[in-house]
């Protein structure tokens, strides 16, 4: 036993270069375990010159300068590797004043991850929380992402031929929410949802969204879209592609319009044929004709498809034609309309002109609703 302790003492001194009394102190504290004593010596701030420990028998220890075997790892190597890993996560370290062990240490800001590393983290986090990789399938237009289960009623068949079938009502959905299917596309410089705009990875407002994806959770903004329903989220890897906004889907016109060839919408005429004839006769008698002056016949094509022909003096004005139309069709009194010529097609804006001044003698006038 004494000889083994002397060998351990000599090897400790040879490895560390410490004095014999100090070496004996560390060995006695470690129960004469050489490896524990050496570890305690360096943890206590021993000599900075760390010498590689060979795994050979302790009878022949050399302090030569020959290169150590690749299979041997020193305490300094372990500490150095750990420091490198921490620097990658925490940022570069700087020392102000003194040496490495006595100076002030300053840790720089964390190193920003590249888009590739960020996308890898998102996919890795999603898989760790149950996401499954699937092949991309091209859907035909109009195909839904998930078939809807039948929720109606039906008849339960009887157990015997003479037993009547019983009607079974379908169960109503327990919630009023709607299922939402969203495609998350991860691009080179950002991400997009469905056919939306590009959102940058570096934008602080998107940090919470990306962190939720990495933890395998549905982001809050997608849960709000579902209104309590289920959210189906697909992730697509486009990290090697630049973002290109897809063309908007074609939407058919759903408004109202007019049939081609129709000058204006038709006006409903609720008057009976007898009442209409009476109104036209009354309107015609309201136009006072001076037989001593020149006269002309004006043909008027109404917006309701009707046609009127009335005699006027050359001195009558365009406003008189308007009054004649209103008297012949009382329903037109509450309708806004203009009078136009047929060829050339122009609006008769100045209704104070006489028929002769407006060159409307024996003309055809068209009524157009506005």
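Note that Cβ sites are derived from N, Cα and C of the backbone, with glycine treated the same way.
Remember, predicted model here, so these are calculated numbers, not experimental data.
Per Swiss-Prot, region 'Disordered' is recorded for 54-73 (among others).
What Swiss-Prot lists as region 'Disordered' is 80-116 (among others).
Per Swiss-Prot, the feature motif 'Nuclear localization signal' maps to 109-115 (among others).
The region 'Disordered' annotation in Swiss-Prot covers 138-157 (among others).
Swiss-Prot lists 167 with the feature phosphotyrosine.
What Swiss-Prot records for 172-175 (among others) is motif 'Nuclear localization signal'. Predicted-model confidence for the motif 'Nuclear localization signal' (172-175) is 48, expressed as mean pLDDT.
Feature annotation from Swiss-Prot assigns domain 'UBX' to 291-368; the stated evidence is sequence analysis.
Remark: secondary structure over the domain 'UBX' (291-368) totals 16 helix, 27 strand, 35 coil, with classes taken from DSSP.
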